[in-house]
Amino acid sequence: MTILFLTMVISYFGCMKAAPMKEASVRGQGSLAYPGVRTHGTLESVSGPKAGSRGLTSLADTFEHVIEELLDEDQKVRPNEENNKDADLYTSRVMLSSQVPLEPPLLFLLEEYKNYLDAANMSMRVRRHSDPARRGELSVCDSISEWVTAADKKTAVDMSGGTVTVLEKVPVSKGQLKQYFYETKCNPMGYTKEGCRGIDKRHWNSQCRTTQSYVRALTMDSKKRIGWRFIRIDTSCVCTLTIKRGR
């Protein structure tokens, strides 16, 4: 599992010339990308100039150490979602890249790796019974996730309720990078398009609906003013219920 994760991380950094987030304290403020950003460094700059000579085991240890530090730091700066109504502003669904990203956002991979570390501390029997596939678990609503560009979105709604134009390219020191958004929405071809899975239709009306959150993107308003604004994008598929009357 560790080797698989490292392969995903290496391919993630290798295939993209993407703008990195700023330090963790800035990420806690919902900042995702800014003008003048730089491209990702190489593995050498992350692990040191002699990392390759120490072999794959040393490289794996280095990545695990860095990832665990990132997860610890992320827990420190993550807002308290119960007390902060703006918690959905903190997202990692925006990427600046010269080509379509081949993997989900890095923080999504970190979350998966965190779950892997938690599972590693379980006994084999506990892991076997905690596997959703073994328990026959299914999602209440079927969803799909994919990277989309500003060319696909064209316009979006900002925090003031106004419609803004999403700019396709962002100027950086060495040229331009495209804005990509990782969107999650209800699957129109899924089995839950007629209602949520597992809901008693005798007593409830159900519907799978796409919900949105705010992310920061480079946009232009109706007065041709260009700037970084929070816009709404599709981020999840949830089940909504209404009770049937007259029963």
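First residue shown is number 1, and so on along the chain.
Every residue, even glycine, has its Cβ placed from backbone N, Cα and C.
Per Swiss-Prot, these features apply:
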type: DISULFID; residues: CYS141-CYS208; note: disulfide bond
type: DISULFID; residues: CYS186-CYS237; note: disulfide bond
type: DISULFID; residues: CYS196-CYS239; note: disulfide bond
type: CARBOHYD; residues: ASN121; note: N-linked glycosylation site
type: SIGNAL; residues: 1-18; note: signal peptide
Worksheet item: What count of other C-beta atoms do you get within 10 angstroms of the C-beta of CYS186 (disulfide bond), across all chains shown?
Response: 21
Response to the item:
Whole-Å Cα distance, CYS208 (disulfide bond) to CYS239 (disulfide bond), is 5
Worksheet, complete the sentence: Rounded Cα distance in angstrom between CYS141 (disulfide bond) and CYS239 (disulfide bond) is 7
Discussion item. Please list, in sequence order, the residues in the chain of CYS196 (disulfide bond) that are at least six apart in sequence and whose C-beta is under 8 Å away from its C-beta.
Written reply: VAL140, CYS141, SER206, GLN207, CYS208, CYS239, LEU241
Fill in: Close in space, distant in sequence - CYS237 (disulfide bond), Cβ under 8 Å, 6 or more apart
CYS141, ASP142, SER143, THR184, LYS185, CYS186, ASN187, CYS208, ARG209, THR210, THR211
Worksheet entry | Where CYS237 (disulfide bond) falls in three-state DSSP terms | strand
